[in-house]
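Read the structure below first, then the notes.
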């Protein structure tokens, strides 16, 4: 054997096995060297890698392993010591590093594993959130749908549109197969199919209202699932293959105005419901979700309110139309009535004049004729003519009066008059007639009957005359008693005058006059007819053609105008009768005795005027001598210092600042107004100017206006009494102005 | 004749004048104005009235006899007469004047003439009455009595 340094070793005997080992080692080394390269490449590529140190360690481990295997290649042949040392070093290093790596990996691998679990957890969470997001979105959409639906429903007041829109929108929102509304019929015993979604014109199916299913739905305000076999749910032919969609029904309260009380919401006091049925598409796996049911309930309520609004609106439109029609009719009627009244008034106005003129001519000429020389026969004829025409004139006056009374155009006058003398006059007028018929008249005037009263003297006299005249007319014998007294409030509560409620006051009193006769009496049944115009008592027409039947009617009108009451009582035919009336008259006091003919002198009255008139300088201007003298005497009597003038010029010449008052007549040929203007010009300073008062008998309203226009301070009417002048002067000096009402 | 007899006579004479409407309350007022300072007031006024009225009535008669009648002037005269008569309290004369004025407005000549007649008549009546009344008053005063005042009670 020779030691040779040949490089090519001799292959040992199991040469094949070594060869394979040699190759495997080579490849292992290759792999081991390439792995770290790959690792470095990919780690450089990736952005995040937390374990760089481990990588380095791992890389070192791998490299050393690779080195070891590489060096192993040399150990297959005989090798030098260097190789052996290198080999050993490599192995030792490898051992160290791999142990370190192994130890490190124990820490790292659990970490790596937990990253994975976290990743999985996060993925699950994301999925869950996704689902929830989907749900919220669905809900929000539902909410939007409800709002939109409500808006659609409430934007119209037309019933049909409301219901149609509801169904359409619900169908769209919830994706329904069918949606229907059943309304109660007029009788309230059945439900009729009124609206459906898919079918355009639903045939009027009806279903009795008292089915248990329906009662169940009506008794709760929630949407209730019902079976699809129930009669209300059989809305369309069953088209699906497997399973019909789930059906839900909800009640819709039908409210009307009375359900909306102010303080509580529409209560469940309404018994009237409609039924809404909703059907999900068949063969879908859909179920009714809670939020969908809530949507349906809300919509049902909104529909109820919208329907009630529509109903209320319809109602009020109908009422308004009715009112308008009525208005038109009333207007027409009013215009017709006005035309009729105008026509009648025109007629009356013309006839008034036309009828009266010839009457007056006849009466006047007949009375003139009476004054001439006539034969007895002619005189008789003329007297008859006169009597008849007087009657006719009275009749015409009565008729015209009555028509004026009826349309309310008659107004009573209110003057102060002497009540006692009124009765006296009536008696004087009736006495002759009564004594001819041998009837005795007994008047009783109560002691507390006021002397003067305020009222319509003429009409009161007419009334009393009529009543007393009737008593005389219808009595053939006996006596007639007339009593007059002031009615006390207690006597008013009389069963005979049920509706009469007089109000006692300080300025008025009620005069009660009763006329009792012992004549032919009246059948109590005829009494109501007495006051009807033109109605005559049949049994008396033959005896007494002199009545027109109008008298009592007119009396009643007058008495009513005087806020009183008149009535007649009789016990029967032949038993006489009593006519009573009560009228309201004003109480007259001394201060408004302006038209009294008699002024009782009250002793103790200061005759010479009050001291503050003493020496009052007054100027009187009047062109009528008598008038001037009287006024001067009046003022002097009151203590004034009077100067007179009979014309404006004279007045202007005499007037001075010392004169306090100037009385001037304004309506005669003098220009009293001009005088006033000139006096204004003359006395520029207010306190120098005398008070200018018109003292005139002219009672036209324009006089007062003219006086005020020229700046006069007062107006009083002639004739004027001492007391009145006293009052006038006081007031003038105090207030500097006094305009009497004309 | 005794004073109270005269006074009673006076009252009996005067009262009907009022009742019949010849005189009204204005005349009473005039009587009230007569006192010691003015003892002949009523007589003065009455004589003034007579003068005035006679003048006016003559003017009226003259105007109405003209061919062309000036109704305005007539109206003015009647107005004056109305004023005088109402100042003195001659009620009937005043009423006639009111009617006269209406006819004047209507320019109804015949009616005016007849009214004038009536006014004259009334004036004569009241003149007589007033003259008698004044005479009675003067008699009473001369006899030393006072003129009784009207006290009307019912």
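Counting starts with 1 at the first residue shown.
Each Cβ is built from the backbone N, Cα and C atoms, and glycine gets one as well.
Keep in mind that TrEMBL annotations are predicted by a computer and have not been checked by a curator.
What TrEMBL annotates here:
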BINDING   A:65, A:69  Cu cation binding site
BINDING   A:470, A:471, A:472, A:473, A:517, A:533, A:548, A:552  ADP binding site
CROSSLNK  A:718  ubiquitin cross-link
DOMAIN    A:350-589  domain 'Histidine kinase'
DOMAIN    A:617-733  domain 'Response regulatory'
TRANSMEM  A:20-42  transmembrane segment
TRANSMEM  A:54-77  transmembrane segment
TRANSMEM  A:83-109  transmembrane segment
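Structural mapping of features recorded in TrEMBL.
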residue	record	DSSP class
A:65	Cu cation binding site	helix
A:470	ADP binding site	helix
A:517	ADP binding site	strand
A:552	ADP binding site	helix
A:718	ubiquitin cross-link	coil
| In terms of Cβ proximity below 8 Å, which binding-site residues out of A:69, A:470, A:471, A:473, A:552 neighbour chain B? | none
| request: Give, as a single whole number between 0 and 100, the mean pLDDT over the domain 'Response regulatory' (A:617-733). | output: 82
| said: Please list the DSSP helix, strand and coil residue counts for the domain 'Response regulatory' (A:617-733). | reply: 52 helix, 24 strand, 41 coil
| request: Report the same-chain neighbours of residue A:69 (Cu cation binding site): residues 6+ apart in sequence with Cβ closer than 8 Å to its Cβ, ordered by sequence. | output: A:25, A:26, A:28, A:29, A:32
| request: Identify which of the binding-site residues A:471, A:552 has its Cβ surrounded by the largest number of other Cβ atoms within 10 Å, counting every protein chain shown. | output: A:471
